[in-house]
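Quick look at what TrEMBL lists:
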- 88-129: repeat 'WD' (REPEAT)
- 130-172: repeat 'WD' (REPEAT)
- 173-214: repeat 'WD' (REPEAT)
- 215-256: repeat 'WD' (REPEAT)
- 257-298: repeat 'WD' (REPEAT)
- 299-340: repeat 'WD' (REPEAT)
- 341-382: repeat 'WD' (REPEAT)
- 383-415: repeat 'WD' (REPEAT)
Amino acid sequence: MKLKSLLLRYYPPGIMLEYETSGELKTKCIDLLNLSPSTDVNALVEEIQKAEPVITASRSDQVKLLLRRLQDKLRQHSNHQFYLFKVLRAHILPLTNVALNKSGSCFITGSYDRTCKLWDTASGEELHTLEGHRNVVYAIAFNNPYGDKIATGSFDKTCKLWSVDTGKCYHTFRGHTAEIVCLSFNPQSTLVATGSMDTTAKLWDIQNGEEALTLTGHLAEIISLSFNTSGDRIITGSFDHTVAVWEAETGRKVYTLVGHCAEISSALFNWDCSLILTGSMDKTCMLWDAANGKYVATLTGHDDEILDSCFDYTGKLIATASADGTARVFSAATRKCIARLEGHEGEISKISFNPQGNRLLTGSADKTARIWDAQTGQCLQVLEGHTDEIFSCAFNYKGNIIITGSKDNTCRIWR
C-alpha cells in the first residue's frame, strides 16, 4: 500500500487519502468532525498515524500543515455581514425552489411557469432556460459535488436530466403516475431518486436513462427523500406518518420508523450516518439510531407543525423550524434545547446551518430571511426586501453567499 496524495475537505473537516494497493488507485476519507481552532495538531497527527499506517512519519509535517489550514478555515466567515447583491425577476409565475451548485458559482430556480432557469451567481445573468415540462417544475437539484447535471421533477409526473453546460435534456424519466414532489442525486452521481404523490419513490440510472428500482410500501405521498453520505441507503418520509429506509442497490426496505402521529415534513441522516432526524406536522422531531432503526428521543417545545429540520455538518447540532414562527437548536448528544430563535412574525418554512456550523439561516412567511448565532439564538441580521413570503433560502458551500426565493417571483443574491 503506497500513499499517493493527501487532499483537503473543508466542510465537514476531513482529509482524503489517495493510495495505491496492488496496482489500483483508491481513496479513503478521514473525517475530523471534532476538529476545532483550538485542537492540538501534534496530538491529532499522532492519533491519525496510529489509525492509518499508510501515513508515514515522513508525511507528518504535510498532515500538520493540512490540519492547520482546516483550522484556519473554521475561523473564517464567522462574522460575515451580508448585503443585497442582485434582485432577479426570475420567472413570470411564482418560484417553487432554488438550489446552488457546490462552489456557489451558479444556481437554479424552478417555477410554476413550467421551466427551470440556470443563473450565474456573480453577474446575476441567466445562463439557460430548461424548457420541456408540461406542468409546474417543483423539485430541482444539482448533482453536487460535480455540478455538471441538473434534475427537475414536475407535476407532469416526469423527471428530466439536463446538462449544465449546454442546457440540453439528456433523459426524460417516465413511470410515476402522479406529481413528483422531491428528488435527490446519490453522492456518486450515478442515480437520481424521485418521490411522488403516487406513494412510490423511483431510482433512475443517469447513464442509460432507465428506471433502476421502484420503492413501494408507503400508503400516502412521499414528500421527503435523501441518500446517506455513502449513497448505499435512501430515506423516504411520507404523509402516511412513517419514514422508511431502503437499500439503494436492491430496493429492499431495511426498516420503517413508526412513531409520529401526523404527516412527515423532513427525514435525513447526519453526516456519519449514525442518526436519523425526522420532523412532523405533529409538532415534534424524533431521533432514531440509523444502525437498527430504533427510536432514540423526541425533541419537543414547538407549538405548531415542524416545517423543516436539519443537522449541522458534524451532526452535533440539530435545528428545527416551525409554523409557530420560531426555530430551535438542540444538542444531538443531550437532546436538550440550547437556543430559541425568536423574531419572525410568520411561519418558518426553511432552516439551514452554514458550513462552519456557527450560523443559521431561516426563511419565513413574514417576507424576511434571518441569520442567527447557532449557539446563543441571537438574531444577527434580517435580510429584508422581498414583498411576499420566502419559501426557499440556501448558503453556498463556503457560507459567504445566500440565495433567497420568494412568492414575489424574484430571487435575491446576498453576499
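Cβ coordinates are placed from backbone N, Cα and C, and glycine is handled just like the others.
Bear in mind that TrEMBL entries carry predicted annotations, made automatically and left uncurated.
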Check: Under an 8 Å Cβ to Cβ limit, what residues of the same chain, 6 or more beyond the ends of the repeat 'WD' (173-214), are close to it?
Finding: 135-136, 138-144, 146, 149, 151, 153-155, 157-161, 220-227, 229-231, 234, 236, 238, 240, 246, 248, 250-251
Check: Short question: which residues 6 or more past the ends of the repeat 'WD' (299-340) have a Cβ under 8 Å from it?
Finding: 11-12, 33-34, 262, 265-266, 268, 270-272, 274-275, 277-287, 346-353, 355, 357, 360, 362, 364, 366, 372-377
Item checked: Positions on the same chain near the repeat 'WD' (383-415), where near means CB under 8 A and six or more residues out -> 11, 77, 80, 82-100, 102-104, 107, 109, 121, 124, 346, 349-350, 352-356, 359, 361-371
Notebook entry, point to check: Against which stretches of its own chain does the repeat 'WD' (88-129) lie, if we need a Cβ under 8 Å and a gap of at least six residues from its ends?
Noted result: 135-142, 144-145, 147, 150, 152, 154, 162, 164, 166-167, 391-398, 400-401, 403-407, 409-413
Next item on the list: Average the pLDDT scores across the repeat 'WD' (299-340) and report the rounded value.
Entry: 97
Next item on the list: Give the residue counts of the repeat 'WD' (341-382) per reduced DSSP state, in the order helix, strand, coil.
Entry: 0 helix, 22 strand, 20 coil
